[in-house]
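Visitor: I'd like to ask you about the structure that follows.
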Amino acid sequence: MNAEDAVTSPQDGPTPRWSIGSSSGLHYGSFANSLASLTPMAVEKPAISPRRAHLAVAVLCYLNLLNYMERYTIAGVLSNIQRFFNIRDSTAGLLQTVFICSFLLLAPLFGYLGDRYNRKYIMIGGLSVWLVTAAGSSLVTESLFWLLVLLRALVGIGEASYSTIAPTIIGDLFTGGQRSIMICVFYIFIPVGSGLGYIVGAGCANLTGDWRWALRITPILGLVGLFLLVFLCPNPARGAAETHGQGVAEQTSYKEDVKYLLKNKSYVWSSFGVTAMAFLTGALAFWMPTFLSRAQVTQKIRPPCTKEPCDSTDSYIFGAVTVVTGILGASLGTGLSRWLRNKVSNADPLICAVGMLGSAPCLFITIFVASESIPATYVFIFLGELLLSLNWAVLADILLYVVIPTRRATAEALQITVCHLLGDAGSPYLIGTISDAIRKVKPGTDEWSFHSLKYSLLVCPSVGILGGLFFLMTSRYITEDRKAAQELIAGAGNEGPPPQPNPAPEPSMELSNSNK
């Protein structure tokens, strides 16, 4: 394929995976630099106008916000759902489990399609499925709980199509420092959307007196997002930002990519750490509002919920705490990484280890102090979530600088699948199952309902300690693996860009050559 073919290749048909290798003197421990490391010497002039590129990022951030709002709306009205369908804790946890399972199983498929076909069309199709199934969840009657479970699984299709593709579009709209800022802003909307999911869901249920309206608000807002996506979001050529619409190519087989990643010890151990974090955050996000509500019933602060809507104060507060700690934690983690990177070569996994290990005692205290003091409980929830949130940006940075550019997409897809499969896909259901088993000892009492959930949540700080140990193992290998990645990138960069076609020769030159 010559350069002209690379420029004019249609985006709607299958194309090989393109990547860029370059040498650089930039420090790869930097969050900003690692995101820009594909072509640090490229001129920062996007192939699409800056105005249109910024509008596209705004649309993608808005949709990312809605995705995470919808995911945690269920948790914000979980008590209402349990009462409406008359289901146990383990059955309620199944709602989140089926959603995460469909998401993790389909993410690799959409990642494959997103590398080869029109990404905008794929997102539009996925978002349309998401809107229909999310809205349909609010229409399920009390005798059809199985249908609610099925619809929650189908909702995962939309999120899988979006989460795997949107970051790649941002990467093709910006280079250098601008890309770093845009990617950071995009991921900040994960904790913000998660927290708003509790708040908006509970607020809609209280205002309307019907929890089902909580499941309708995000599809309504999603219609606006679909309209904006169709008209404002482009489908840039892959690598467009670095090459002004052209593509530079290098192909490797999927088998070679996986083999490389399995030999990368930093990637493997950090993936185990991410999985532990996903297990922990998934369980807490789903069960903590319900746990706090039961704690207040035990303390006689409020009566048990006997009719809808149940008191959603805890969903409001927990949602606000999630938003604040997510923003503060991500910013603090990135700041610590920048401050320590020139002093400690393995600072990033150590920051993650401190976050996980430090959150464990905070969560342990949270679980046991809840029966005595709700304000103290929220203090330790705040500290625990803040420590966990240190890892948001740092984890993204670790993957980016220990994996070479040509294999980062595969690395992201595999890490997403593993961390959800072994993490938050099963943790809500596992916690609910343990709670039900403990509750059988003294069934039918509100106080024991609280204690059964309390004891089941002790799994969380234990997993937090395990995750911290995984990150400590990562710290043993990260310096060596980062150096190896830099050398490979520098070697690829020394090969130079693909040759450009020579300009058409002058007539006189053609004559001269023919005479020769």
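Each residue, glycine too, has its Cβ placed from N, Cα and C.
Just so it is clear, the model here is predicted, and its values are computed rather than measured.
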Visitor: From the ranges 139-159, 181-201, pick the one that TrEMBL records as transmembrane segment.
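Guide: The range carrying the transmembrane segment annotation in TrEMBL is 181-201.
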Visitor: Based on Cβ pairs under 8 Å, which of the stretches 267-288, 316-337, 376-404, 416-435, 455-473 lies most in contact with the transmembrane segment (181-201)?
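Guide: So the stretch in question is 316-337.
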Visitor: Where among 267-288, 349-370, 376-404 do we find the most Cβ pairs under 8 Å to the transmembrane segment (316-337)?
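Guide: The stretch with the most contacts is 376-404.
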Visitor: Per the 3+ Cβ pairs under 8 Å rule, pairs at least 6 apart in sequence, do the transmembrane segment (376-404) and the transmembrane segment (267-288) touch?
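Guide: When sequence-distant Cβ pairs are counted, the transmembrane segment (267-288) touches the transmembrane segment (376-404), since at least 3 lie under 8 Å.
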